[in-house]
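Participant: Input: one structure, supplied below.
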Amino acid sequence: MAPPVSVSEVQVESYLFPPTITPPASTKSFLLGGAGVRGLEIGGNFVKFTAIGIYLDETAIPWLAGKWKGKTAEELADSVDFFADIITGPFEKFTQVTLILPLTGQQYSGKVSENCTAQWKAAGVYTPADGKAIEKFLQVFEPQSFSPGDSILFMHSPESLTISFGKAGDIPETSNAVIENKKLSEAVIESVIGEKGVSPAAKKSLATRIAHVLNHF
């Protein structure tokens, strides 16, 4: 199926996110929703760690249009509900996290799993099945080490999270693991574009681009 409207590529630092992508172990083409840098202020300097691209299954566009068509980019960017609809919507999402600085798998997965577990426990929804999903998540990342230009790839399906690793800008044909856990699938993308998401730049890009797509749909 052709995209309802054309979307453009996005350059983040020296990394280019193409307008469409086919994730590992998939035959479907996903549209680039938005992309941006993740960084932190350290000692008065903004240190950039990763470039993050958020891709959406094309079925997301008509689904989102019912509620959000006609809204401005600013309205979407300021709406917690808009990003929640992307996170929890009944369509697949694909997140590409490309390293700007080197990182070990344990450093990455440790922080993500710590945040997920704390969030679930605070909400009173943590279960033994979630604990097993986190264990598997940590195991998948444990032997990994990432250099600048390498990518961590997540396919967010409604009931599962598929994890892949790409080296030097390549998108692999196969995935490394599938974790059957709805909450983990949503939590990983929420960590990027949720209310406390780590990449305000990716959120702004997503709101701007999706507003344009919906208003031409």
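Including glycine, each Cβ sits where the backbone N, Cα and C put it.
Here the structure is a predicted model, which means the values were calculated and not measured.
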Participant: Of the candidates Asn115, Asn215, which one does Swiss-Prot list alongside Thr50, Ser191 as binding substrate?
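Facilitator: Among the candidates, Swiss-Prot records only Asn115 at this substrate site.
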Participant: Using a 10 angstroms cut-off on Cβ to Cβ distances, just flag whichever of Thr50, Asn115, Ser191 is the loneliest among these binding-site residues.
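Facilitator: Asn115, out of the binding-site residues Thr50, Asn115, Ser191, has the fewest neighbouring Cβ atoms within 10 Å.
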Participant: Rounded to a whole angstrom, what is the largest C-alpha distance between any two of the residues Thr50, Asn115, Ser191 that the record assigns to substrate?
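Facilitator: Largest Cα to Cα distance for the substrate-binding set is 18 Å.
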Participant: So around the substrate site, Thr50, Asn115, Ser191 aside, which residues have their CB within 8 A of the centroid of those CB atoms?
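Facilitator: Near the substrate site, beyond Thr50, Asn115, Ser191, sit Arg38, Lys111, Val112, Val188, Val192, Val198.
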Participant: Just the number: how many Å between the Cα atoms of Asn115 (substrate binding site) and Tyr108 (site 'Important for catalytic activity')?
Facilitator: 11
Participant: List, in sequence order, the same-chain residues at least six positions removed whose CB sits under 8 Å from that of Tyr108 (site 'Important for catalytic activity')?
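Facilitator: Residues satisfying the criterion: Phe141, Phe146, Ile152.
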